[in-house]
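K.L.:
Below is the structure I would like to discuss, written out as structure tokens.
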């Protein structure tokens, strides 16, 4: 059995790879491992709007109850809400049934520990080992020792909305905002939060039917929202993904504003408020060099991690940083939540637009995005480190870096899943970096022939 857990829990095509049987086993093993020692453990369960959610929830909950834990089912709710509410309700763990931005046929199961953090690799491995060993050593409970399922009646959604609203001071009166809910988990929470804060709210893609989640909508397909914002003269647009742990924005001119710009704007604002700990933001190696240049001008440091919000969070926790995130719109505000939170991000941005009295596009001028080129070089899995060993390749990378002279960069990343090495170049001249990236990729391919 290969590793069951990916970078974001267990994912697969529902009923084919992620079966009801596997969901039952994950519920049973997860509840047992995460609640050892608790008298009558409590586990919070939420999901996004996918049709397969009901099937997987039933199986997952059966597994949880079989080891004597209580399952508190809160229904459709954003992933970051489960992270927050697990802490608020003093639950022993939280579980979300969601495949985030993936198409409807996929689903996933993701655990949070009692502090609202995603599980460490070690805990995930313990859960997998227990399943592999066919639950050896896990007692079979009967009678009064079996757990109960508790259906929650809407209080969880209310608590999460109140929490999200509390992350900004004042209101959003006078702001005209368009929201794209991706027919996903934020279709109630984001709309209510913005309305209750006094914004004029326009909404698209907030009628989930079980199969339209992420379909030509949300943060992975923001084209309709870009058009809508301009047509309806909105001050800004905000696009969530299926489980609302990420958010991208649209300025009043219809331009897409990615996570790099959001980090730049929010980082500057936090610094102004004296809340940017150690004057540092945490980003990944894929963040545009334009962000580094912009932050240098603001006297803000950027620390880079591997790609993946879990690595961003790891770095933030290690050094107590206040904000970090990815281009994709996964933004973590450690003062507020333990994971990327689309609604919290959206509210921070909207609040800055209102408070600063500038248009959103003016705020975005803080940063100039450098052209970026990504070329894949086909390389056998056992030779993916050739760019670190071969002298000619190393020399070519050094030459390109020298010629870019601080206004560009070369980044080589082996793919974690395919026989590829990704060659990424950034610089001021699109044509030039395009040529350089292709010739470097070709050199790498020729070396492994």
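The backbone N, Cα and C atoms fix where each Cβ goes, glycine too.
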K.L.:
If Swiss-Prot says 241, 243, 245 bind Mg(2+), which of 100, 120, 395, 407 does it name for the same site?
P.N.:
100
K.L.:
Taking the Cβ of residue 243 (Mg(2+) binding site) as the reference point, list residues of the same chain whose Cβ is under 8 angstroms away and which are at least six residues distant in sequence.
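P.N.:
Those within reach of residue 243 (Mg(2+) binding site), by Cβ under 8 Å and sequence separation of 6 or more, are 48, 78, 79, 96, 98, 100, 101, 184, 185.
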K.L.:
Let me know the DSSP-derived helix, strand or coil state of residue 100 (Mg(2+) binding site), please.
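P.N.:
Note: residue 100 (Mg(2+) binding site) is coil by DSSP, not helix or strand.
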K.L.:
Cβ-Cβ under 8 Å from residue 241 (Mg(2+) binding site), same chain, 6 or more residues apart: which ones?
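P.N.:
100, 101, 182, 184, 214, 218, 219, 220, 329, 342 - these are the non-local Cβ neighbours of residue 241 (Mg(2+) binding site), listed in sequence order.
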